[in-house]
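*Asks:* Per TrEMBL, the feature transmembrane segment maps to A:53-73, A:103-122, A:134-152, A:191-211, A:218-243, A:263-284, A:304-324.
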Amino acid sequence: MIFRTPILTLLLVSALAILVALGAAWFGQRVLRQWDLASGSRAQLVMERRTELISTLFAMVMLAEAVALFLFVFNADRMAALFVGAMCAVGTLNVNAYGFPALYAKISVFFAAAVWLVIDHVDRLGRDYPLTRAKYALVLAIAPLVLLAGGLELTYYLGLKTDVITSCCSKLFTPANAGLSDEMAAVDPALALWALAGAEALVLGLGAYAVQTGRGHGAFALAGAGFFAVAMTAIISVISLYIYENPNHHCPFCILQREYGYIGYAFYIPLFGATALALGLGAVAPFKRRDSLRAPLPPVLKRLTLWAMAGFAAFGAVTIYAILRSHLILLG
Amino acid sequence: MKALRRQRALADYTLAALARRKVKNLALVGVFSLVVFLLASAMFFASALRHEASAALEGVPDLIVQHLSLGRQGMISEDRIAELESIRGVSKVRGRLWGYYYDRVSGANYTVMVPDGGQMPAPGQVIVGEGIPRARGLDWEGAPLFLSRKQGDLNRFDIAQIYSSDSALLTADLLLMNEADFRAFFSVPEGVYTDIAARVRNANELATIIDKATSLMPDERFVSRDDIARTYMKLFDWREGLMVALGAMAMLAFAIFAADKASGLSAEEAREIGILKAIGWDTRDVIAMKLWEGGLVSVGAFLLGAVAAYAHVFWFGAPLFAPVLKGWAVIYPDFALAPVIDGSQLVTLFLLTVLPYAAATVVPVWRAASADPDAVMR
């Protein structure tokens, strides 16, 4: 199964990411131990130069990882036709025990990478590399994650046997299959919608406050993370029902399919993008008071907050559109 | 806004710089686009074949029942039709007669079938696909088709109709015969068929129906349309993957070439970087400029290669890859591929080509950009 172009590509991206992450981590531990901006030693100068290379490479690979996450899901969806019993990405990912862990690991890499990219961007704003230590401490945390995601992905793809009978998404989100997915599907639709509306109001309100006053980015980040959880629950418990126009089908992957006009991407891209930005904001906001960042950081925070708010708002707008367009009457 | 203006200025500068070294950069784009072209052709072609196959399979019966004897397919008894019909949910059960005929004159295999219903030719007549008259050189209208099974044997058939090449993928080597002619020509006794085809009204019941039928007639083999589709998809995926793996070797070679090119700066380029740094650009700006250069080269090569591959596959029928990807036969249908490309393919192709190139050139670019101005200019 490994001879499939998207799989080869994903493995290539993972391999490159692992290579770069290991190199960056090696460099990162040196930075953490020896970084001393006041020193004019040769080692320090070489290190300062090298940060440019590592930042560029790491940023490039992390961007590729973000694209790869969507390719991973899209490919899983496409491959469903190859497995008996699979009808969407859930079936493909369930073929062996490594599918879903690989997906979760890739999602974690995506968010960690986004946070890192925001920190890197901010770090480049200050003339004295204000966040370099934080940045490389984070690299040390991301590198094992990248390694884990790559390993899980490889194990998953090597273990894809097409004679396995897998289970369809309609089985996963039922009480017969106890777990988080079942709990999320069982949330009352009205409750889920109200919670979504509340989270939307909260996150937009906190965002507006942060934009107005230049404070409270940490709270905005927390609200963003909360919104992500509420939104995923809402997709599984109620929004998917409206999209499929079927009160029993809860799958969050089938909405990515052609039959539903790929509408899932309109949900997930703004949601993941906005959440990633919010997390990044939360990570850099504490550094607002650094001398070299006092001037350049606030406008960047403001811009990123506006983008994140746009993403959260877009998610809400797509939700309203999906519900209005649907012929299913679930409430009232 | 400021960032945007900076990027625009960098792009502007880079374009001018690229134009100053036309030959070198055109050569780079040329080689790169060749690699993209190879990979893209393989991907586009395989996806078009998958599409053709799934379109062709739409007409295939939901369930095919074959008789196995000695581990190979044998003729299936007529009695099975009634047994199959007795299973609830199965409809339109019919025995099919088909086989292959090796034509010594043209050295080709024909697929001989008895059509069901509609187009049954009259006794002594046949309906043929466009490949058969082509292989036989039957140029004039009304020429009869003589088929010989062994030395000294000759059967005359009149050609009632020739299928047009629109359906060539399915009909190129097809020969439709009357049932009585078929049984006489191939000495097939009454009461047996090659296999049995059936419709299943509800696709969700297919697995259950196969279960029931298997316990009813354990000697038979049941092939569903999904099985066939899966096999085709796997086959084409695998062939595409092999081609792409080969193409990836080319990509690797190109990445090494590009890294080498980027690290061996010409004296003129080194001077340019030195001057830029002397007038106040910092390392970051030079890296950004060099990344722009790489980006413009790879996007240019990507577009060029992808468009060339599109033309190669969908306008010219992929003459370079067809033998590997579609297989081979004496009578091969002439068919135009429907252009089927989706966004994910382009994303895949982009990641597969541009990312290795970028990764290979970053280190040399950084090395050049971070050198001291006086050192590079000296």
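Note that the numbers count up from 1, one per residue, in the order the chain is shown.
Every residue, even glycine, has its Cβ placed from backbone N, Cα and C.
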*Asks:* Thinking of Cβ pairs under 8 Å, which stretch from A:53-73, A:134-152, A:218-243 has the most of them with the transmembrane segment (A:304-324)?
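*Replies:* Comparing A:53-73, A:134-152, A:218-243 against the transmembrane segment (A:304-324), the winner is A:218-243.
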*Asks:* Any residues 6+ beyond the ends of the transmembrane segment (A:218-243) with a Cβ under 8 Å from its own?
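*Replies:* Those are 173, 181, 184-189, 192-193, 195-196, 199-200, 202-203, 206-207, 209-210, 249-252, 254-255, 260, 263, 267, 271, 274-275, 277-279, 281-283, 285-286, 305, 308, 312, 315, 319, 322-323, 326, 328, 330, in sequence order.
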*Asks:* Same-chain Cβ contacts of the transmembrane segment (A:53-73) under 8 Å, 6 or more residues past its ends?
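*Replies:* Distant contacts of the transmembrane segment (A:53-73): 6, 9-10, 13-14, 16-17, 20-21, 23-24, 27-28, 89, 102-103, 106-107, 109-110, 113-114, 116-117, 120, 123-124, 135, 139, 146, 153, 253, 256, 265, 268-269.
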